[in-house]
Amino acid sequence: MLYFCPTCANLLIVEEGFQGMRFSCVTCPYVFPIKRCVSYKIYPKLKALDDVLGGAAAWKNVDSTDEPCPKCSHPRAYFMQVQTRSADEPMTLFYKCCSPSCGHRWKE
């Protein structure tokens, strides 16, 4: 959490004073005592894998291959390649079962 000096708009630093911790300005004499613990935790929401890969529309115009589904053993699966890591590493293969009742997704 950042606090700024109301006088000169510089960033306040935390230091130990006579009566405990306080925010103080390094350029002017402004001091703001800290009377309670100030902390927050914010956890970002992770995107679903489909959002990262382009959503449901990403699977519309993909090819299929002879790859058996590990869940239902259907003999074919849709696939697409996405560069998920740095350029010097191989692309990641994402599969989706061709069976409309299954639709299981996995990666290689």
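Don't overthink the numbers, they just go from 1 along the chain as shown.
Every residue gets a Cβ built from N, Cα and C, even glycine.
Bear in mind that TrEMBL entries carry predicted annotations, made automatically and left uncurated.
Feature annotation from TrEMBL assigns zinc finger to 5-28. Per TrEMBL, Zn(2+) 1 binding site is recorded for Cys5, Cys8, Cys25, Cys28. Taken from TrEMBL, the feature domain 'TFIIS-type' applies to 65-107. The Zn(2+) 2 binding site annotation in TrEMBL covers Cys69, Cys72, Cys97, Cys102.
Features per TrEMBL, on structure.
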residue	record	Cβ neighbours (10 Å)
Cys5	Zn(2+) 1 binding site	18
Cys8	Zn(2+) 1 binding site	11
Cys25	Zn(2+) 1 binding site	20
Cys28	Zn(2+) 1 binding site	12
Cys69	Zn(2+) 2 binding site	20
Cys72	Zn(2+) 2 binding site	12
Cys97	Zn(2+) 2 binding site	24
Cys102	Zn(2+) 2 binding site	15
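Annotated Zn(2+) 2 site Cys69, Cys72, Cys97, Cys102; additional same-chain residues within 8 Å of its Cβ mean position, judged by their own Cβ, are Pro70, Lys71, Ser73, His74, Ala77, Cys98, Ser99, Ser101, Gly103, His104. In this structure the C-alpha atoms belonging to Cys72 (Zn(2+) 2 binding site) and Cys25 (Zn(2+) 1 binding site) are separated by 65 Å.
Among the binding-site residues Cys5, Cys8, Cys25, Cys28, the residue whose Cα lies closest in space to that of Cys97 (Zn(2+) 2 binding site) is Cys5. Looking at Cys69 (Zn(2+) 2 binding site) and Cys25 (Zn(2+) 1 binding site), their Cα atoms lie 63 Å from each other. Secondary structure counts, DSSP: the domain 'TFIIS-type' (65-107) has 0 helix, 16 strand, 27 coil. Note: the zinc finger (5-28) comprises 0 helix, 11 strand, 13 coil (DSSP; helix = H, G, I, strand = E, B).
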